[in-house]
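**Student:** Found this in TrEMBL, in case it helps:
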REGION    48-83  region 'Disordered'
TRANSMEM  221-242  transmembrane segment
DOMAIN    222-432  domain 'Cation efflux protein transmembrane'
TRANSMEM  289-313  transmembrane segment
TRANSMEM  325-346  transmembrane segment
TRANSMEM  380-400  transmembrane segment
TRANSMEM  406-425  transmembrane segment
COILED    490-534  coiled coil
Amino acid sequence: LRCRAAPLPRACHGWQASVKSGSLSCFLPCHRLPVQLMSQVRVYTSSGQKKGLGSEDTKGSIPEETLHKAGAGQDKTNAGQRQSVLEEPIQVKVKAVLKKREYGPKYTKNNFITGVRAINEFCLKSSDLDQLRKIKRRSPHDDTETFTVYLRSDVEAKSLEVWGSPEALARERKRRKEAEIKYREKLFRNQRLLWEYKEFFGNTAPRSSAAAMFFKGPGKVVMVAICINGLNFFFKLLAWVYTGSASMFSEAIHSLADTCNQALLALGISQSARTPDPSHPYGFTNMRYIASLISGVGIFMMGAGLSWYHGIIGLLNPHPIESLLWAYCILAGSLVSEGATLLVAINEIRRSARAKGLSFYQYVVQSHDPSTNVVLLEDAAAVLSVAIAATCMGLTSLTGNPYYDSVGSLGVGTLLGSVSAFLIYTNTEALLGRSIQPERLQRLTELLESDAVVRAIHDVKATDLGMSKVRFKAEVDFDGRVVTRSYLEKQDIEQLLQEIQQVKNLEELEAFMLKHGENIIDTLGAEVDRLEKDLKQRNPDVRHVDLEIL
């Protein structure tokens, strides 16, 4: 809308208000206003085209000379003469906007609640829920497609109907909580009595799955190592008592440390087989890494520390060594037994690494199986320490100098310290939650991006939970058009068209949009479930998938 006004020859009496918007300039109202307006009005229709109104052509504008001439002509006209201004209709396009709603507690009471929560939180019975409205919703679990929920407002009203008042409901909740505490105390006492009964009369229950783990895989390797290292400790201890050799004492302490650490590994394996509970929803698989970490610390304190201590004492206070014949025989037997355990551990790691498509070195460094890694490194260190001890004892027997034997004890302690440092580092990295290999992460990313419903993914994280379990998280930008088409493909288009034609006012339009908008959101949730299920099926290592809608 454009209006140009000529300058006023004299002041106007009465009130006048100046209004300016863009190129609009006029004074309203004034009974002595000798103004001749030449206007051009442009109306924008819904199709985006311009329509000119008045005396101007839509393709052009009023030249500046014409406007000046029109302003000069006003001085020649008589003050009493007034030229009527051509009034043209002005078309205004009004945008209809729905009134913003305020969603308060009254609205949120219409949230859905499951039957279990309704019974537990509002102290109701299952028969009380039969009278309420039932709504079928999409299930977030893989084992069920739909499940029944109730309106929270209906449940609250039913609870007040059953208990009479909020105070009575609160008293019932308090009473049930106290009863639950007493039940847990009784359950704990009964479990304690049952355990004492089993200890006294013997446990005749069939072998559990946790016990079966020690007859295959890493459990088998650990049990073989415990038996062999226990025998080695016993015979090495007898040899040290007979000879008094510092190297033989280090070997005995080394075998004792290995036996204790591998018993700790067996405890970690049995604890990792426990099923997840509400306090530990992701399970107890990290118990293997915790046991391996403590094992590394134990090797450092018991094995390396005592070996260094005994070697330093031997250097400060040397004493002659008795006959070493029995010591050599026991070292030879220890070498054979430790070598056999080492071969068992190597074969197990090769088999597991081949199954995962990794090299032997990558499997050990990345600590995919901490229990087997500990056995491998401990037995490798045992074989090397036997060689060191035998060499130093041989030099002592040839030269008669006991310092060689003490140096061998220091060498064994240094070897054990290096193994413990490596175990502490690898298991700490695993417990901190490291990422999976970039190649595997790229495959998971490409699998998501290849789906038609996904426009882009951001902030991708894949954490190795240990023991071939991966947690995958990503923020997904979904294509709304594909999701909407997926919803429309399941609808009767003819019926949908009839619903659209029946819309006559804003209220009906709002009801139509809310109905189908909620259904489209449910369709989006179903697409998220489909993507998560597809990721788990194609990648068995991925146990937990968290896709966030961007």
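Note: Cβ is positioned from N, Cα and C throughout, glycine not excepted.
Tell me what's around each of these sites.
**Tutor:** Sequence-remote contacts of a segment are chain residues at least 6 beyond its ends whose Cβ falls under 8 Å from one of its Cβ atoms, and for the transmembrane segment (406-425) they are 246-247, 249-251, 254, 257, 292-293, 295-297, 299-300, 303-308, 310-315, 318, 373-374, 377-378, 380-381, 384-385, 388-389, 391-393.
The average per-residue pLDDT of the prediction over the coiled coil (490-534) is 90, rounded to a whole number.
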**Student:** Near the transmembrane segment (289-313), which same-chain residues lie under 8 Å Cβ to Cβ, leaving out any that are not at least 6 residues past its ends?
**Tutor:** 246, 249-250, 253-254, 256-258, 260-262, 264-265, 267-269, 271, 367, 370-371, 373-374, 378, 406-410, 412-414, 416-417, 419-424, 427-428, 430-431, 466
**Student:** The transmembrane segment (380-400): which same-chain residues, six or more beyond its ends, come within Cβ distance under 8 Å?
**Tutor:** 229, 232, 245, 247-248, 250-251, 254-255, 258, 320-321, 324, 327-328, 331, 334-335, 338-339, 342, 407-409, 411-412, 415-416, 419
